[in-house]
Amino acid sequence: MANSHRKLIFNISIGFYCSAVIQICICSQFTSSSIDQFNKDRGAFPVAINGEIFPWHELRLPTMVIPLHYDLFVHPNLTSLDFVASEKIEVLVRDATQFIILHSKDLEIMNVTLQSEEDLRYRRPGRKLTVLSYPAHEQIALLIPEKLTADLRYSVTIDFQAKLADGFEGFYKSTYRTLGGETRTIAVTDFEPTQARMAFPCFDEPLFKANFSIKIRRESRHIALSNMPKVKTIELEGGLLEDHFETTVKMSTYLVAYIVCDFNSVSGTASSGVKVSIHAAPDKWSQTHYALEASLKLLDFYENYFDIHYPLAKLDLVAIPDFESGAMENWGLVTYRETSLLFDPKTSSTSDKLWVTRVIAHELAHQWFGNLVTMEWWNDIWLNEGFATYMELISVNVTYPELQFDDDFLDMCFEVIKRDSLNSSHPLSNQAETSTHIKEMFDAVSYKKGACILNMLKDFLSEEKFKKGIIRYLKKFSYRNAKNDDLWSSLSDDCLESDSTSGGFCYSDSKTASNTLTFLRENVEVKQMMATWTLQKGIPLVVVNREGRSLRLQQERFLNGVFKEDPEWGALQERYLWHIPVTYSTSSSNAIHRHILKSKTDTLDLPEKTSWVKFNVDSNGYYIVHYEGRGWDQLITQLNQNHTFLRPKDRISLIHDAFQLVSAGRLTLDKALDLTRYLQHETSIPALLKGLEYLELFYHITERRNVSDVTENLKHYLLQYFKPVIDMQSWCDEGSVWDRRLRSALLKLACYLNHAPCIQKATELFSQWMESSGKLNIPTDVLKIVYSVGAQTTAGWNYLLEQYELSLSGAEKNKILYALSTSKHQEKLMKLIELGMEGKVIKTQDLAPLLHAIARNPKGQQLAWNFVKENWIHLLKKFELGSFPIRMIISGTTSHFSSKDELQEVKLFFESLKAQGSHLEIFQIVLETISKNIKWLEKNLPILRNWLLISI
Ligand code: BES
Ligand code: ZN
């Protein structure tokens, strides 16, 4: 009876009100019939390493047994570089079974025992279990002689050991050099998405939330950190110490973390009493202070904004010397690449400061979005990453308004549009099963498109309503998992928390049936609208045609590199339809008009006569706009007459959309270039930089392809056109954030184009710096430029490499490495690659950005690409297939190609990889990008050439 009752609740729980009613809510795809199948049809099951049948054939774990609590003990040895460990997992059996399937990867399992609650009560020893291992699925099976009984709890004790991993995953070693030249080792974890299984056998899926009690044994020269505060330290015989940490809140395995190191820290207390500490290698301690200030401010902000306390008593942020990604949001113990956390006033630029602030804002947002409420499965990773990225905007705007992050956010949306307008894009919610595929989900679409459509929805619903909705979502799903629909329901649900809810309705004394109806209508509207943005890939194009006061709107799928005349265009459009919350303003008033475009075409009437219409006000919407007829000309006329009649972000989006439409064959390049002519008078720096970005891009394209006449003319045009602003720039760190970014961008361009005054000043500063033995402080805004100019002589290059080794500032090291990669000498570039492969002077974590930088150098592009082709196997030994670095290496060394021969070469290489069993989504993205580049050049090079001839 108990059993059937539980099953009934379980079935209900899959529906709308998952686990509001019950404690445990796991949406199972497996039933006990899968187990029966095992007994009937053993041939359908894989074979374990020892030759026996492995009783589970799915990548996802069964849900007959679920974890409740892990007692984990770990003892890493930083001399022998291995660890011994043991764990006791308390599990609940939901369906009678004879095996328990767990994840485990590269662990040596020594001993496994099982105890029932009764065994524990009477202190009976555990029964030893047989372990089968199936490495292809990173699973082990514990075989139980007698069936486990449903609804009972058991304890599984596992002793295991392993080497500290070599790479950046699981429980791995990281090293750093002290000022005195000594190399020291630390041990650190990094688990997301599927690497907790490399550190301890576990139910390594986000839905299996549990509590963790962690104990770490260490030497006295080290400290140990974990998610929770330390309760006590026990002294052991022989001088070892053992730290016991408080039991965690209920959480997913990928958020567990521990570190053994000898770092120093600075601490402060947030308004709520949470102790915040920043940890770094001892010699880098002085670079931790900005992070402390920022994390305290941001923690205060989030606790207030979400109206939910950060539930732990402490929050540690640690700068790890070897780190694969930018940062990781482990609950209470957030880990960062050094350049994402440390700020060195002498060498960190204003962009570096913005980056550190953004990363802290992002990871702290995850403490709610991701940690407190977690996506059910990795297919919806955008719920974590898109939200954390969106929250960067909200929190940084309030805590650091002077950083003016708004315009960077807009740029981020433009970046992902490039990717999302290729046919090889994917929907935000996308199937992901294997570890490689899951890793690939951490891409621009999940992060950036996720954030951009949330921003669009906020603009549609109003900030207040959106905020209320996400608070409701966080409160309702705290310590649980959620999916897309849960979010949409919370965002459209106007019920008060005190209202009673049932089956999607809300009831209260004050609110009557009409309220219920409004809620249902809105709920359906938001859900339907957002389904069009999350379940189908791509971005819409809104085509506007104005005749007098009548506006005809039409939507289609925007495709970069596929023209309307192309035969494939029609098929690529089929079945695409978005619910687009469009906004527009006109020359006649400041009002923002709103409309939802739900069908392919629609007609609107303007209230008054107007000389122009601009859609997508402030570029809050995720769509591109094309104006047919005289639409573009009317806007260009306005820009030339008085650009300030249009809002700054609208000017940026006009520049962006115009050049995107050129790539889609909808606007001619000369029209888009004509639009940039007004930039001489542009007063908004982000808008000016947007225009400059395209002109620079064309310069790099033609330079790489050796189209010397166009390159020369473009250089001439750029220097002539921007000369007044270039000459205005000082060589010191002064002004607002955007003044400083303008200075960096313009002087970088000027020196790149060999503008004599720029080269002269940079050379002078570089010589002074060398003469001072690296002690002179060069303004941070121009540091990279000065180094890059200095790197062009052999003496300068060698000196920079020496300084690279000595520098303790990650921000400075990045600038030096970039400068070194701009050398015109191939043997120097090759030396850098060799150093990166060796991993001592140039750390392996910096190899992917290094290859990317070398490939951007016209003298290095072939070198980098050949290297990747010839050393693919070696690269795969350093980074996992599907990881950030591997994807960066592939796209970074190929996506700038623009000839048919190069396309063919890349295609052949990818085919050979596929034949070896390596297949990545990025392959198709790269091939489409190169085809698009080829097409762009064929069509636009002659136009660019002519336009320059009449413009200079
Ligand atoms: N959760 C991610 C870390 C991560 C990345 C795990 C890839 C698994 C695969 C973390 O929150 C993150 O998003 N880090 C970003 C930095 C952020 C500011 C965009 C990163 O690592 O680049
Ligand atoms: Zn993230």
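Backbone N, Cα and C atoms are what each Cβ position is placed from, and that goes for glycine too.
Binding of Zn(2+) is annotated in TrEMBL for HIS362, HIS366; the matching candidate from GLU376, GLU385 at the same site is GLU385. The recorded positions near TYR447 (site 'Transition state stabilizer'), taking a 10 angstroms Cα-Cα threshold over the set GLU363, HIS366, GLU385, are GLU385.
Taking only the Cα positions, the spacing between GLU363 (active site, proton acceptor) and GLU385 (Zn(2+) binding site) is 10 angstrom. Taking Cβ-Cβ distances under 8 Å and a sequence separation of 6 or more, the neighbours of HIS366 (Zn(2+) binding site) in its chain are GLU329, ASN384, ALA388. Those same-chain residues not listed among HIS362, HIS366, GLU385 yet with C-beta within 8 angstroms of the centroid of the Zn(2+) site C-beta atoms are GLU329, GLU363, ALA365, PHE369, GLY370, ASN384, PHE387, ALA388, THR389, MET391, TYR447.
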